[in-house]
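Novice: Annotations per TrEMBL:
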- Cys115: active site (ACT_SITE)
- His248: active site (ACT_SITE)
- Asn278: active site (ACT_SITE)
- 109-186: domain 'Beta-ketoacyl-[acyl-carrier-protein] synthase III N-terminal' (DOMAIN)
- 233-320: domain 'Beta-ketoacyl-[acyl-carrier-protein] synthase III C-terminal' (DOMAIN)
- 249-253: region 'ACP-binding' (REGION)
Amino acid sequence: MTFARIAGTGGFVPGEPVSNQDLVERGIDTSDQWIVERTGIRYRHLAEKGAATSDLALEASRRALDAAGVEANDIDLVIVATSTADCIFPSTAALLQAKLGITNGCAAFDVQAVCSGFVYAMSIAEKFIASGSNRRALVVGAEVFSRILDWNDRGTCVLFGDGAGAIVLEASDEPGVLASALHADGSHSPILCAPGTLAAGGVTGDPFLRMDGQAVFKLAVRVLGEVAHETIDAADLTLGDIDWLIPHQANIRIMQSTARRLKLDMDNVVVTVDRHGNTSAASIPLALDVAVRDGRIQRGQRVMLEGVGGGFTWGAVLFRF
Ligand code: ACO
């Protein structure tokens, strides 16, 4: 049996951290206290004008390739999860493939599942590898969410940041991804969306991210609880067998509520929302990379990733590192 195992991780955030107080000084009617109490966010990183999602993805990918000890041309599948693609087409994955100098003609495509995007992308890559069609995938979550924020809407603009995270997922005789589950319910699309559309050479309608925060909160906690049980059951394990939970980094209170529901200690939950804010599809691989590099996540441990986001979409991947 062929498993898909993480060979290396990488992460990248652009520029210096921007504090909550920095946002106040930039004229946003908010406070450090409000943001920290409600979300746990203290800092985020914001890409400079001109920096594209593929630029952030490139840095994170180089670090993941280094960590895995492989060359760019050893990759035979590139998947980028993003909602802030460089352009309508080509895909950010194709642009990233070219920037990395991959010349072997491997498949490259984007996955759009907003904040669940990385979990979707990793699950897809695992299936390509387990089926035998591919040996080594580069799976990336990368975003410049600052481009779709309404900086006059204090209810959303303080929540998000830019960044990228990447993994090299490769075929192995040892596990590996143990189970995954993906879901969507498009009937909830109005509670979290960027509803603008492209027409007549410009964006028609509202180009910015809009959110009903309380509705998102309630739905996120429910589905994160359900999908954790579904995934652990599929692997024939119990939640007590998980060493680390890495939920989508949207809000510390969503993570705390999820951990309570799952009867997991917060000491076993990786939290980076305080320093990165919500980086959408990048949040989970960024948090994974932080915890691998600081030595918390060790080889052989069991890790569950949980994504939730616009669509509404949600999902989980359970793996042995
Ligand atoms: N600074 C100061 N005050 C603010 C801010 C701000 N940045 N934003 C809103 N307020 C004010 C509002 O105007 C309102 O004032 P009022 O009572 O005078 O009318 C008050 O704070 C309360 O506003 P609510 O929107 O009710 O605030 P709430 O307590 O619901 O917190 C939050 C908002 C943090 C967004 C919360 O709903 C939440 O955590 N939701 C989860 C959604 C989330 O994390 N989304 C991330 C993206 S989704 C995803 O990634 C899955």
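Just so you know, glycine gets a Cβ as well, placed from its N, Cα and C.
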Novice: Could you say whether, by DSSP, His248 (active site) belongs to a helix, a strand or a coil region?
Specialist: coil
Novice: Translate the DSSP assignment of Cys115 (active site) into the three-state scheme.
Specialist: helix
Novice: For His248 (active site) and Cys115 (active site), determine the Cα separation and express it in whole Å.
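Specialist: Distance between the two Cα atoms comes out at 7 Å.
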Novice: Cα-Cα, whole number of Å: Asn278 (active site) versus Cys115 (active site)?
Specialist: 9
Novice: What is the three-state DSSP composition of the domain 'Beta-ketoacyl-[acyl-carrier-protein] synthase III N-terminal' (109-186), stated as helix, strand and coil residue counts?
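Specialist: Going through the domain 'Beta-ketoacyl-[acyl-carrier-protein] synthase III N-terminal' (109-186) residue by residue, I get 26 helix, 32 strand, 20 coil.
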